[in-house]
């Protein structure tokens, strides 16, 4: 405990560079709830307002990809003249030191943990062994956690040591806290922000939803040391984000596109960043953010500490780590091969497009017998997400949809309704396949099979989180047959039953090609658009008289 000394806790609101306090409470959560009120009538009655919403826009909101970062000035770093900073805080607990190497090896083996790199610290088995200062420890214990997850056991000593870190772990493994708590310790060891300073900690995330989830954790655990944060992402007005940045925040959680917008406009800078986190690095690369990530990192001093977190370890992620991390240490939880969470029961049904709707209803009838269940339904396109939602609502099911064309306030409202169980059926595209942190999702249904096995793993990983069990149901058509072999490999590794027709596709080599997933059922590309008047209309469709739940 004393290894951090007593001086890291920020005193009171000590002006943080003259900015003063929490600035009307806005520093937390400008990314979240948007303020509007949808309960009193917007949805279900007259729709989501007569105009404005449903204009289309584009999935990424402010995160346009074209020529982002062209206006950023190239930074020349002279390490001799840069201010020094602290990043090594870890002191091994006597109980950890006392364990034999055999005990350490057995612990790692039991938790399917492998480590790589020089002088990797030993894992800790309790929160006290991590050696966090009391102000961090009390926040953790107040949340009722019993013991660290596997990634936390090994990741905390690694991150607190000041080394560059790579962590590979399944979704729902507790990785957010693995970098958040060391970030809080790191901030409290640095000089206070001066006017004009940018953040000390930068967290890059692929989606708005994940960014808001991270902000919630940072806010919760940074409260006692009065650490301010903001969430910077596209699809919402820039004004509140600009205000937060100008007042000064120690932590900035951002999607790459909107952050570059802010940097190019001179709204913030990254000169003070000494702790950089790349969360879901594989997903950011999948989404085409690599050029933006490279431009952002070029604005950060090279002797920073960098932590990279990913669910998979493909060659593109390995290359990024090689380019931007120095002498890094790595922890992998689980197999390095693509694998699914073994607490999830996977049911794959080979169907035709025309069977999907009826089969979905049969599953819903069974699942919703238990009113505490929550189901997340994934579709291949935004159009199908809206059409299914409209169909389900008209059939009496309390369904809402979320995807990239919906404005941020609507997305926040839908997520809150789903979390609260008021609308226990949520239909989503892959914009929601990561970053949605709803811990009690009991079922996932893949109405359309995703484009690749990685997305399949991440979709079904929305259930079975935090030690719970879950069920994933997947509709697989002949159009998906080129992916049959990969899917069978995943099912076999997780010891799941395999539909004989799926095995047959593998045996005969498939050959369906890339079809349109679920379009057939809905009568072609034009069908259904006119009824609703924009993407929002699906959530405004009145519930049918035949209430199914």
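Placed from the backbone N, Cα and C atoms, the Cβ positions cover glycine too.
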Correct range for motif 'DEAD box' (source Swiss-Prot, candidates 271-274, 275-278, 279-282, 283-286): 279-282
Listed range which Swiss-Prot flags as motif 'Q motif', given the options 125-153, 154-182, 183-211: 125-153
Range annotated as region 'Disordered' in Swiss-Prot, from 1-41, 42-82: 1-41
Intrachain neighbours beyond the motif 'Q motif' (125-153), with Cβ under 8 angstroms and 6 or more residues off its ends: 1, 3-4, 8-9, 90-93, 95-96, 107, 111-113, 160, 167, 169, 173-175, 177-178, 181, 184-185, 188, 220-221, 223-225, 331, 333
Helix-strand-coil residue split for the motif 'Q motif' (125-153), DSSP-based: 17 helix, 0 strand, 12 coil
